[in-house]
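In what follows, a single structure is set out as structure tokens and then discussed.
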Amino acid sequence: MVKNHSLLEKLGGVLNVVLLAVVGLLMLFPFYYMIATSFTSAAESATKTFVLFPKRWVFDAYSYIFHSKVFVRSLFVTAGVTVVGSVFSLLLTSMMAYPLSRNITGQRFYLFLVLFTFVFGAGIIPTYMVVKSTHLIDTYWALIIPGAINSFNLIVLRQFFLGIPNDLTEAAVLDGANDLQIFTRIILPLSKPALAAFGLFYAVTSWNTYFNALIYINDPTKWTVQVILRQIVILSQRLDSLSDGQQAAIASASPPGETIGMAAILIATLPILALYPFLQKHFAKGVMLGSVKG
Amino acid sequence: MNHYKLTGHAATNAAVASQKKRSRAASLAGKLWNERYLYLLLLPGLLYFIIYRYVPMLGNVIAFQDFSPFQGFLHSDWVGLKHFKKIFADREVIRVIWNTLYLSFLQIAFAFPVSIALSLMLNEVRGEKYKRIIQSLVYLPHFLSWVVVAGIVTVMLKSEGIVNHYLQAGLGIHAIPFLTSPHWFMPLIVLEVIWKESGWGTIIFLAALAGVNPSLYEAAVVDGASKIRQLWHITLPSIRSTIIILLILRLGSVLDVGFEQIFLMLNPLNKSIGDVLDTYVYYKGIQSSDFSFATAVGLFKSLVGLVLIVGANKLAKKFGEEGIY
């Protein structure tokens, strides 16, 4: 009886390992498909002889994309917005989190202001109108300012600041440091790991953001890469038709649309994949931090 | 001098009180002065919250007006609950609310349990290295944008895409219009969510599982409990409160199914089933400039969300769970 038991359990254990391997492959397959498609030649793509390996690996799609002004520009725009946006967000978030972690007058009220945004959102239209009336429409700031502080990040970072021992700041006070000096010379240097994590968090969010670009940016020369991706992959528009006036020179002999689309997606995803080892480590930690009730 | 004489005792009290008040005011001013640098740091963030989070909340008043951008919300006509009445009279909105609820419940019924099951499976893996590799793989899709996910799905599933190619060549069936048929819309959305987020969702359950006292399992083994019994009597009860809290949070946002994903998968052919509250508000408000009505729909959505989250939290406390606040 007992033996039967353990045999079944062993079988279950093996089944579990096999099933998880299948799950892992399912997660990978779309990436593999994307890479293989992006290197497939036009001929192979047309005849659908594409199986799991393209017979000939060609770089046509990549050279086409890097010759298109529209896509390259959108990459630069997105990179710029991402860098400036994450630094700005990180600065604003930590500047606000620090006073909230001190015994500042009115602390409970300010915390309530932040926490209330967890349960009640303002809605798309009124937010759009405020963005419009603060003259951000069609500026890069529209992609940075309206989402500058993530309330959740703010609370978790405050939690992190609260965990820094008081002795350190008290010693600094005795040495005559004011709150600004304590913040910049003690708190921020001690929080480097947390700041790195939230910086990455903001960076991924702003690199991936589509909605804000969709509603706040009408000027095609300011489109971000996610907007371009939608146009060429989901709506199957041609890259050269997207250019604002200046036609791309190589319009005639271009690779098939899905090949270009997959190559574009791969390029747009590379920064995320390159950061992934760091992301995974920090993010999992951030989620845990957030799940500890405080 | 004079008022001392006037009412004697009471006047003295009043004087003391006013002095106290004054000194309290002075000490508050002193405290604020001491905190001036903290306030300096706080100010930009506070301004952000006021301008981009709270002013829009006030901006919801246009739901009670016939808002015209030329007159501004100060001079537009007040119409009371007209737009809210319209929500419930409009069959299109009712359909959109229904779509939203339907999709939300599909996600709770299918996507939510996948995360739990996946965590339980990962928790059973003995090899640390293998476990870590699988975890890295299942977290990965979470970091992709919805445009990328929808893009890959579109290329794979379109009528001349690889899936249909093999369905035709291999099984000899007609191409299935995955992307344009209303029947496929909901399953596709749910599958995308499962692929993208269920791995990420395991993090919190794995943390809860790691906190289970190992001696419970040892005792169970001594008692001769099978794996299944251990799962039922130890593992599941110990992550019960985590499951309940996450369910509460999820219930609080049943009307929030995510704009980007839905919008990217919508097209004129599946719009009847796929339009949800957020996309509807976008089309009505930003595309068609029907500001007041769109705001009313959005406000309705936020209010229902607020009521649900408060209600669900109360309910959780009633059942002896901790709740989220």
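Just so it is clear, glycine is given a Cβ too, placed from its N, Cα and C backbone atoms.
What TrEMBL says about a protein is an automatic prediction, not a curated fact.
Keep in mind that what you see is a predicted model, and the values were worked out from it rather than measured.
Marked as domain 'ABC transmembrane type-1' by TrEMBL: B:97-312.
Per TrEMBL, the feature transmembrane segment maps to B:37-55 (among others). Not one residue of the same chain 6+ positions outside the transmembrane segment (B:37-55) places its C-beta atom under 8 angstroms from a C-beta of that stretch.
The transmembrane segment annotation in TrEMBL covers B:101-121 (among others).
Residues or ranges marked as transmembrane segment by TrEMBL: B:133-157 (among others).
Annotation source TrEMBL lists transmembrane segment at B:169-194 (among others).
Residues annotated as transmembrane segment in TrEMBL: B:200-222 (among others).
Non-local neighbours of the transmembrane segment (B:243-266) in the same chain are 97, 100-101, 103-105, 107-108, 112, 116, 145-147, 149-150, 153, 179, 185, 188-189, 192-193, 204-205, 274-279, 282, 301, 304-305, 308-309, 312-313, 315-316, 319, 321-324; each lies 6+ residues outside the stretch with a CB under 8 Å from one of its CB atoms. What TrEMBL lists as transmembrane segment is B:243-266 (among others).
Taking Cβ pairs closer than 8 Å, the transmembrane segment (B:291-312) reaches residues 59-60, 62-67, 69, 79, 83-84, 86-87, 93, 247-249, 251-256, 277-278, 280-281, 284-285 in its own chain, all 6 or more past its ends. Among the features that TrEMBL reports, transmembrane segment is placed at B:291-312 (among others).
Away from its own ends, the transmembrane segment (B:169-194) comes close to residues 102-103, 106-107, 110-111, 114, 149-150, 153-154, 157-160, 163, 257, 261-262, 265, 267, 269-270, 272-274 of its chain (Cβ-Cβ under 8 Å, at least six residues beyond either end).
Away from its own ends, the transmembrane segment (B:101-121) comes close to residues 138, 186, 189-190, 193-194, 197-199, 201-202, 205-206, 209, 231, 235, 239, 243, 246-247, 250-251, 253-257, 262, 276 of its chain (Cβ-Cβ under 8 Å, at least six residues beyond either end).
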